[in-house]
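Contents: one structure, followed by commentary.
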């Protein structure tokens, strides 16, 4: 039992650093595989994991269908209008479709994730050959922090919203609550898992860049020669990575080329695994943000006469918190992807800096090969190939959000109820003017 706890507290490799996160997603049914072995470790598919995923999907399908049959929803408790009914129906539909998509992709494409984890461990071993050693305990601590943070945010939102409902004498059934709240937990869990993959990609590119920078620094100080070997120890960053240079520069550059290729292949594998999940999450988040923003603006601008037992502050707070929750998901995906891409782009500048400084023909040839490789091997993350996951997505979402909000607000202004109300006001004003003239 002690070795298990020691491994949880002090992991010794890339597999151990991610085991807590993968255990959490395993319980949710998203990663149906477990870590096996003591010496040579590997991930192995689990029948129990697939059974757990099937049970989870069956239970959520039942809750979604039950909520549809009962024609109840959390949004419907706050107010009921034609647009809110459309938005609520769409949210239920995409929630159910999204859950099925997530489980289907996680189950059918799970070997891609296992392959990616194996590649991450292989890259760490290659980096160890050039003197890079990662602090896996620190990596695991970061995973624990993110898990506790996401669990805390989700529990706080759940507890506060349920308390608000009970305070106003509204007691939703468990099927309605599950259909509304639980998909958020699964979507955010996929976001955390994707963020962990991007973090390791960023770390490995950062380590590779530091190795090349260290080489350039030693050339600048004339402290290294093409044949003479030298040993040095240098702390690279807060993640306790160290570099020990004991090889010929041409050999280091050759190994750096191999590491760069492996990192790019690992990033491509991760993109293949997450591509449909990212499309699902971003689509769901965008739709919910659109309707939540509309509900809040409609209430604050007084566009509709809302008949509800909830106060305006409670109404705005509830939908604003839900909107912020999905905004956090989108920002986490985009910023993690952008960070990894920007770090990978810095490698080219370092290689060309080395190319300008080298005097050795052999090293120059290796650097030219590395430069050619950088032109053809670049990482990028897409949502099923429909759009890139980078900061340009902010502009796209903002433009689409503004357009849909204007359409919805105009639809509310031109609704029959508002027209009848305006017509009644005009008739009343005309009647008063006639009486005054008489």
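Each Cβ is built from the backbone N, Cα and C atoms, and glycine gets one as well.
Features of the protein shown, as given by TrEMBL:
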{"type": "TRANSMEM", "residues": "20-37", "note": "transmembrane segment"}
{"type": "TRANSMEM", "residues": "49-69", "note": "transmembrane segment"}
{"type": "TRANSMEM", "residues": "89-110", "note": "transmembrane segment"}
{"type": "TRANSMEM", "residues": "147-167", "note": "transmembrane segment"}
{"type": "TRANSMEM", "residues": "173-198", "note": "transmembrane segment"}
{"type": "TRANSMEM", "residues": "273-295", "note": "transmembrane segment"}
{"type": "TRANSMEM", "residues": "315-334", "note": "transmembrane segment"}
{"type": "TRANSMEM", "residues": "393-412", "note": "transmembrane segment"}
Note to self: So if I exclude everything within five residues of the ends of the transmembrane segment (89-110), which remaining residues of that chain have a CB under 8 angstroms from its CBs? That is, six or more out.
What the structure shows: 29-33, 45, 50, 53, 56-57, 60-61, 64-65, 67-68, 73, 75, 179-180, 183, 186-187, 190, 272-273, 276-277, 280-281, 283-284, 287-288, 291
Next item on the list: For the transmembrane segment (20-37), could you work out the same-chain residues 6 or more beyond its ends whose Cβ comes under 8 Å from its Cβ atoms?
Entry: 8, 43-46, 48-50, 52-57, 102-103, 106-107, 110, 113-114, 140, 143-144, 147, 185-186, 189-190, 192-193, 196
Notebook entry, point to check: Which range out of 49-69, 273-295, 315-334 gives the transmembrane segment (147-167) the most CB pairs under 8 Å?
Noted result: 315-334
Item checked: Listed stretch, out of 49-69, 173-198, 315-334, that has the most CB pairs under 8 angstroms to the transmembrane segment (273-295) -> 315-334
Checklist line | Positions on the same chain near the transmembrane segment (315-334), where near means CB under 8 A and six or more residues out | finding: 78-79, 153, 157, 160-161, 164, 184, 187-188, 191, 194-195, 278, 281-282, 284-286, 288-289, 292-293, 295-296, 299-300, 306, 308, 389-391, 393-394, 397
